[in-house]
Amino acid sequence: MFTSRMDDALTEARAAATRGEVPVGAVLCDPAGRVVAADGNRTRELSDPTAHAEILVIRAACAAAGSERLPGYRLWVTLEPCPMCAAAIAAARIAVLYYGAPDPRMGGVAHGARVFDHPQCHHRPEVYEGIAAGAAQSLLRGFFAARR
Ligand SMILES: [Zn+2]
């Protein structure tokens, strides 16, 4: 049965905002649909520019699976992944990517590098965009408005 995990990803994004991080959240499900990892951005907390929500859940799921690849897994992210995360998604062989808001500035899926459309990309997940995009976008807008 298909269950949307975007609400869970949004919960992670809100938690990231309360930590002072850019509010992006991600949830990774195994082929059976079980949630195996959920997290939000932690670049400031970990002093790590690669600690995006997507990278953190991929690391956690790979560690749990004892594998560098996650075939059949589905990833939910509140914002269009950046090129770094898109490359990691391809490397992990994730089957399906669902994301919320488009990111014309930093995105690497439908914008910019368009990593999955590149001839050097060996694995292209199924991609569904615009899921709960309004909620994800207003979270981001609120976060950056409060910082200004
Ligand atoms: Zn990223």
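Glycine is treated like the rest: Cβ placed from N, Cα and C.
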Further binder of Zn(2+) named by TrEMBL next to CYS82, CYS85, taken from the candidates HIS52, HIS118: HIS52
Using the Cβ centroid of HIS52, CYS82, CYS85 as the reference point for the Zn(2+) site, which residues of the same chain not in that list have Cβ within 8 Å? ALA53, GLU54, ILE55, PRO81, PRO83, MET84, ALA86, ALA88, GLY108
Take the Cβ of GLU54 (active site, proton donor) and count every other Cβ within 10 Å, whichever protein chain it belongs to. 28
Note down the number of other Cβ atoms within 10 Å of the Cβ of CYS85 (Zn(2+) binding site), including every protein chain shown. 27
